[in-house]
Amino acid sequence: MARIIVITSGKGGVGKTTTAAAMAMGLAQRGHRTVVIDFDVGLRNLDLIMGCERRVVYDFVNVINGEANLNQALIRDKRCDGLFVLPASQTRDKDALSTEGVGKVLEELSKGHDYIVCDSPAGIEHGATMAMYYADDAVVVTNPEVSSVRDSDRMLGILSSKSRRAEQNEEPIREHLLLTRYAPERVARGEMLSVDDVQEILSLKLLGVIPDSQAVLNASNAGNPVILDKNTDAGQAYDDMVSRYLGEELPMRFLEPEKKGLFNRLFGG
Amino acid sequence: MGLIDYFRSSRRGKGSASVAKERLQILVAHDRAARDRPSYLPKLKQEILDVIRKYVQVDMDAVSVNYEQEGDQEVLELNIVLPDSAGPA
Ligand SMILES: Nc1ncnc2c1ncn2[C@@H]1O[C@H](COP(=O)(O)OP(=O)(O)O)[C@@H](O)[C@H]1O
Ligand SMILES: [Mg+2]
């Protein structure tokens, strides 16, 4: 049986797809058979971030509709053994994902994998509720900014009421907070909510803090999950996050502004 | 940027994150309370009002329905204010 992880947020553009790609790659690199699914029907992007956009033949909706089987639709990652991508459909039919259909695909995937990472679209509409419905774990991706924090809290309400686990009175979904696009300099200047602020408001278990980093853009330009760039801040922060998810206790890094040398302070601004 | 501007802007900066935090704390508490409230409350209130109005003429705001969750107990508090000369309608 695979463990199903949903990467979710209320607000769009906070870093869900970046996180889904990094987490799936990180789990697979540690030897876990992992599949990452794009639930963002109509706006697929995960294939781009994973760098497999030119190998997409069939998609998630094709599998649900019986137009292709899983083996035909799954894209095997070329960098890491045991990692597969199930791309989203470009269809405009937002209701193409049915609870039953999604359930069947997840069940089948569950047999051959350890982790299923679900990249959710933003908001509380159909695609997002489908992505979270079967989840065992949720990673709530949040930026240190008012509307993102508020929407994350709303998402928590939905996770605890509109999931399979909630409906069947099972143990609730395990919820984790991932703070992304964190800018320590701005926090130090009092211009941005701090980790502690956000955690105090949402009172969730903190899985990681990902700095706002040029490395993310570089990685997405190249179609490489940023976790592969082990010498970058964001890459290392994602790597820590995956280890923490698997139970390791690691201190948070990249919370303090980089100490600038005298030269930088004088001339670098 | 002059020295005074520098201090001013950094002070304003200090304000903005703490203001954000205060606003969020209030907002999130509010959102959570609304979320946990059963959706039948407005209808319940209307029907209670209708029943009371069969006997006494009262305003809309004479009836207040308050819902609170304390641990695993749900408390529904109903408050009806009758007019001073509450005789039969
Ligand atoms: N830690 C980060 N630092 C800098 N840019 C980031 C970071 N995380 C995400 N981004 C950028 O933000 C944008 C939205 O990210 P994405 O992962 O697609 O969000 P979502 O899936 O939530 O819409 C992208 O342009 C991405 O490169
Ligand atoms: Mg996305």
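For all residues, glycine too, the Cβ spot is worked out from N, Cα and C.
What TrEMBL says about this protein:
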- A:5-226: domain 'CobQ/CobB/MinD/ParA nucleotide binding' (DOMAIN)
- A:Lys11, A:Gly12, A:Gly13, A:Val14, A:Gly15, A:Lys16, A:Thr17, A:Thr18: ATP binding site (BINDING)
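The ATP site, placed at the center of the C-beta atoms of A:Lys11, A:Gly12, A:Gly13, A:Val14, A:Gly15, A:Lys16, A:Thr17, A:Thr18, has further neighbours from the same chain whose C-beta lies within 8 angstroms: A:Ser9, A:Thr19, A:Ala122, A:Val141, A:Thr180. Residues A:Lys16, A:Thr17, taken from the binding-site residues A:Lys11, A:Gly13, A:Val14, A:Gly15, A:Lys16, A:Thr17, are distinguished by a CB atom under 6 angstroms from ligand 2.
Note on the domain 'CobQ/CobB/MinD/ParA nucleotide binding' (A:5-226): its mean pLDDT in the predicted model is 95. Checking the binding-site residues A:Lys11, A:Gly12, A:Val14, A:Gly15, A:Lys16, A:Thr17 for a CB within less than 6 Å of any atom of ligand 1 leaves A:Gly12, A:Val14, A:Gly15, A:Lys16, A:Thr17, listed in sequence order. Each of the binding-site residues A:Gly13, A:Gly15 was scored by how many other Cβ atoms lie within 10 Å of its Cβ, and the smallest score goes to A:Gly13. Within the same chain, the residues at least 6 positions away from A:Lys16 (ATP binding site) whose Cβ sits under 8 Å from its Cβ are A:Ile7, A:Thr8, A:Ser9, A:Asp119, A:Ser120, A:Ala122, A:Val141, listed in sequence order. Neighbour count (other Cβ atoms within 10 Å of the Cβ, all protein chains): 25 for A:Val14 (ATP binding site). Sparsest Cβ environment among the binding-site residues A:Lys11, A:Thr18 (other Cβ atoms counted within 10 Å): A:Lys11.
The Cβ neighbour count for A:Gly12 (ATP binding site), using a 10 Å radius and every protein chain shown, is 13. With a cut-off of 8 Å between CB atoms and residues at least 6 apart in sequence, the same chain places A:Ile7, A:Asp38, A:Asp40, A:Asn45, A:Leu46, A:Ile49, A:Asp119 near A:Thr17 (ATP binding site), listed in sequence order.
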